[in-house]
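What follows is one structure encoded as structure tokens, with my remarks underneath.
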Amino acid sequence: MSVAPRTDGVLVDRYDRVARDLRVSLTDKCNLRCTYCMPAEGLPWLAGPELLTDEEIVRLVRVAVERLGVTEVRFTGGEPLIRPGLLGIVTAVAALDPRPRISLTTNGIGLDRLAPALRTAGLDRVNVSLDTLDPARFTQLTRRPRLDAVLAGLAGAAAAGLDPVKINSVLMRGVNEDEAPALLRFALDHGYQLRIIEQMPLDAQHGWDRSTMVTAEEILASLRTQFDLGPDPTERGAAPAETWLVDGGPARVGVIASVTRPFCGDCDRTRLTADGQIRACLFATEESDLRAALRGGATDDEVAQRWRTAMWGKRAGHGIDDPTFLQPTRPMSAIGG
Ligand code: SAM
Ligand code: SF4
């Protein structure tokens, strides 16, 4: 264990984890209302001046890449495709030296139209969230009748050459818990990679209940009713998904068991919210204000040092199973999933 924050180089914490993967939330707003994420009426959105400008985002990503050793940049939200400056931001980040790998987590609405330009701008890969293939269930789950738009987005991403195209699914008891095999069949048929995520206590309505959550064990048992899942010889590293070879491979399926099999010990993520706060963890209760630093005239060196100090305080684990666990006050959509 290290004893004090470094004053140069990478983002290391007191448990010697190094953060190389930056998640940037581009907006807290969204055009869906997934029940595990947002209430039907939406949330009190951040006001315009509270949001980082495109230039501020690019400057912070540059500091992360040039001074702090970040090698992966993922844009998320809210829904990142509704940020007007997205293409310009991706273009500027792709021009950084060393060039980071650039990815996007999106609900897929509008991706059919935007994917070619995003690819040209420098986007490497994409994760599209899709929890069900049934139109009525989709509307129940997201409170919007947009399944066709998401399916078109997936197809458009693959056609534009984004590779891999991954699907993120969350299963909810009594809604879509039986759909893991159908989602995997769909992914295999289209060349997409499926990852199923355990639901986490990050919804604004605080409706999460450990006792009704669909667990990784149940997800795997459900998949095994129709597929043979074998051990995956590739090294997992800091990836949140544990992966299995499907029917002998080469296709794989991943399960992200954030709750029942936490992977905090290997976490390499640092998060920037749309209003310029650094969070060391999705479940952090503290934030470090880089927007104030930027707008107060801080130099790149000063910003980098604030970021190092923020990551130094990262806790060992999220503590969801701890009786004293407190859900973060910001919901997932405002942190950046
Ligand atoms: N709007 C984009 C999307 O849906 O992909 C990006 C933001 S969303 C917050 C990022 C990811 O978080 C999605 O895959 C979504 O399914 C997941 N997510 C949201 N709330 C969650 C929760 N309570 N537990 C687990 N995953 C959640
Ligand atoms: Fe929007 Fe993504 Fe949250 Fe669904 S999970 S409401 S698409 S931010």
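Any Cβ shown, glycine's included, is placed from N, Cα and C.
Annotations in TrEMBL come from automatic prediction, not curation.
Since we're looking at a predicted model, the values are computed, not measured.
Taken verbatim from TrEMBL:
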DOMAIN    14-232  domain 'Radical SAM core'
BINDING   R23, R74, T105, K166, R269, T270, R271  GTP binding site
BINDING   C30, C34, C37  [4Fe-4S] cluster 1 binding site
BINDING   Y36, G78, S129, M200  S-adenosyl-L-methionine binding site
BINDING   C264, C267, C281  [4Fe-4S] cluster 2 binding site
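Annotated features taken from TrEMBL, shown on the structure.
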residue	record	Cβ contacts under 8 Å, 6 or more apart
C30	[4Fe-4S] cluster 1 binding site	C37, M38, G42, G77, G78, E79, I82, N107, S333
C34	[4Fe-4S] cluster 1 binding site	S129, D131, L141, T142, R143, V170
Y36	S-adenosyl-L-methionine binding site	V170, M172, Q199, D203, G207, W208
T105	GTP binding site	R74, F75, T76, G77, P80, V126, N127, S129, N168, G337
M200	S-adenosyl-L-methionine binding site	W208, S258, V259, L282, I320, M332
C264	[4Fe-4S] cluster 2 binding site	C281, A316, G317, H318
C267	[4Fe-4S] cluster 2 binding site	R17, A19, A238, C281, K314
Distance-selected binding-site residues near ligand 2 (C-beta under 6 Å), from R23, C30, C34, C37, C264: C30, C34, C37
For the [4Fe-4S] cluster 1 site built from C30, C34, C37, further residues of that chain with CB within 8 A of the site's CB center: L32, R33, Y36, M38, N107, T142, M332, S333
Binding-site residues: S129, T270 - member with fewest neighbouring CB atoms within 10 Å: S129
Additional residues around [4Fe-4S] cluster 2, ordered along the sequence, whose Cβ is within 8 Å of the centroid of C264, C267, C281: R17, P262, F263, G265, R269, A280, L282, F283, K314, R315, A316, G317, H318
Where the C-beta lies under 6 angstroms from ligand 1, the matching binding-site residues among C37, K166, R271: C37
Most distant Cα pair in Å, residues Y36, G78, S129, M200 binding S-adenosyl-L-methionine: 16
